[in-house]
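The 3'-phosphoadenylyl sulfate binding site feature in Swiss-Prot is assigned to 110-116, 278-286; the stated evidence is similarity to another entry. Annotation comment: Swiss-Prot describes 66-75 as compositional bias 'Basic and acidic residues'. As annotated by Swiss-Prot, N-linked glycosylation site applies to ASN88, ASN186, ASN407. Swiss-Prot lists SER462 with the feature phosphoserine, giving a large-scale study or a structure entry as the kind of evidence. As annotated by Swiss-Prot, topological domain 'Lumenal' applies to 35-486.
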Amino acid sequence: MKGRRRRRREYCKFALLLVLYTLVLLLVPSVLDGGRDGDKGAEHCPGLQRSLGVWSLEAAAAGEREQGAEARAAEEGGANQSPRFPSNLSGAVGEAVSREKQHIYVHATWRTGSSFLGELFNQHPDVFYLYEPMWHLWQALYPGDAESLQGALRDMLRSLFRCDFSVLRLYAPPGDPAARAPDTANLTTAALFRWRTNKVICSPPLCPGAPRARAEVGLVEDTACERSCPPVAIRALEAECRKYPVVVIKDVRLLDLGVLVPLLRDPGLNLKVVQLFRDPRAVHNSRLKSRQGLLRESIQVLRTRQRGDRFHRVLLAHGVGARPGGQSRALPAAPRADFFLTGALEVICEAWLRDLLFARGAPAWLRRRYLRLRYEDLVRQPRAQLRRLLRFSGLRALAALDAFALNMTRGAAYGADRPFHLSARDAREAVHAWRERLSREQVRQVEAACAPAMRLLAYPRSGEEGDAEQPREGETPLEMDADGAT
């Protein structure tokens with residue numbers, strides 16, 4: 001009897017061990033597969049993951065929810081602070097903002113009116129301004145694709161914002177003697193792209209013989225600057241850069257807003273971003289006018305598609321590339337530039353859409369560091385938009401700058417013999433010229449490629465009522481902050 005009970009207990013133990021072993025065998029693969037599924041989910045949309053991953057929006061949002069009433073109180077308190085040093089970061093990221101210097105990046109693309117917007121900063125006496133310094137990098141690394149250069153652009157931007165211009169030595173043309181000091185060791189101001197129109201370079205103290213003082217508002221004549229202002233060592237320009245309370249850099253070669261997140265999180269930079277948009281049809285019209293000057297840049301933008309099927313679909317849509325049956329046709333020489341410009345614009349519109357959705361989902365601290373501006377609003381209401389821009393940047397208003405902005409939008413005509421030369425333009429012509437100069441097929445192509453971004457930016461399709469109307473409620477990509485900035 002006792003032996004039977006002992007055998008029964010041993011049998012129960014064995015059965016229990018067998019059940020536990022079976023459960024372990026079932027759970028281990030399930031856990032491992034779950035981890036792999038999570039990785040697959042992260043890789044499901046790699047393009048969006050690259051953008052959203054760096055922001056850590058969910059973590060930032062969770063941090064904001066934990067702050068609750070404290071974050072709201074901080075925002076209310078920030079509204080009462082001096083506009084010179086606004087409180088722009090909530091406790092969600094725990095950043096200590098540097099209040100000694102403000103950095104602004106003007107985020108735009110080619111032919112959107114960014115030169116005019118940048119010139120408004122260039123004219124302000126409290127601003128140290130650089131015009132498209134990343135041009136040097138693109139020229140040195142051509143031919144490349146825009147996407148692979150984004151990290152290098154960000155690193156270059158970080159150095160320039162810190163008034164460290166030694167990075168330019170990596171990309172300066174080796175055969176340009178004017179760009180180097182007599183000892184050939186250091187660069188000079190002549191190494192900077194468009195240095196002849198820079199207000200700091202073309203005015204005292206760097207240029208004692210300049211016809212205008214730094215505080216005097218007015219366009220710099222490039223030939224006059226070259227004649228009166230011999231190049232000086234780049235170290236002297238770095239010293240001047242450190243004196244200014246606001247540093248502004250305008251460029252058109254950074255495609256994704258998400259690339260700037262490490263800089264926005266850097267408490268030592270105190271960075272804000274002004275992103276400029278323009279009706280894609282007007283952009284395309286302007287790009288066609290200056291097609292040869294933009295050909296290299298368009299190729300670099302379009303090369304980002306060579307790694308995907310969409311690039312081949314673009315080729316087929318334009319009647320070139322491999323077709324079923326193995327037949328292919330080379331691109332005709334005449335419309336080659338137009339083809340590259342059209343394809344590049346499609347890539348740009350996709351980047352716009354990513355930026356708009358990206359900023360729309362950003363936490364509150366980041367939205368307060370981002371200003372969305374449409375070119376049409378800037379040229380139609382220059383004074384109002386200038387006040388909005390200066391308030392966002394922490395800069396004082398100037399009557400002379402107000403008059404300058406108004407005069408620059410009241411020119412005699414839109415067309416110019418020098419498409420890359422800044423001059424006064426007719427604002428109405430600048431807004432509506434595409435209607436008369438683009439064919440119906442060209443308009444159709446642009447609207448088909450850019451429809452999602454156009455909808456978020458409140459640009460109506462051709463044939464619809466209105467033109468560049470203000471975004472309707474519920475369609476704005478970003479919420480307004482207390483200042484009305486988006």
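Note: Cβ is positioned from N, Cα and C throughout, glycine not excepted.
Across the structure, VAL283 (3'-phosphoadenylyl sulfate binding site) and the residue listed as 'phosphoserine' are spaced 15 Å apart at their Cα atoms.
Residue density at THR112 (3'-phosphoadenylyl sulfate binding site): 24 other Cβ atoms are found within 10 A of its Cβ, drawing on all protein chains shown.
Checked against SER114 (3'-phosphoadenylyl sulfate binding site), the recorded positions ASN186, ASN407, SER462 differ in C-alpha distance, with ASN407 being the nearest. Reported as a whole number, the C-alpha separation between ASN186 (N-linked glycosylation site) and TRP110 (3'-phosphoadenylyl sulfate binding site) equals 31 Å. Mean pLDDT of the predicted structure over the topological domain 'Lumenal' (35-486): 76. Taking the Cα atom of each, ARG281 (3'-phosphoadenylyl sulfate binding site) and ASN407 (N-linked glycosylation site) are about 25 angstrom apart.
Look at ASN186 (N-linked glycosylation site): DSSP puts it in coil.
In sequence order, ARG281, ARG435, VAL443, GLU447 make up the list of same-chain residues 6 or more apart from SER462 (phosphoserine) whose Cβ falls under 8 Å from its Cβ. Every protein chain shown contributes to the tally, and the Cβ of ASN285 (3'-phosphoadenylyl sulfate binding site) ends up with 22 other Cβ atoms within 10 Å. When the Cα atoms are compared, ASN285 (3'-phosphoadenylyl sulfate binding site) and ASN407 (N-linked glycosylation site) turn out to be 24 Å apart.
Counting every protein chain shown, the Cβ of TRP110 (3'-phosphoadenylyl sulfate binding site) has 22 other Cβ atoms within 10 Å.
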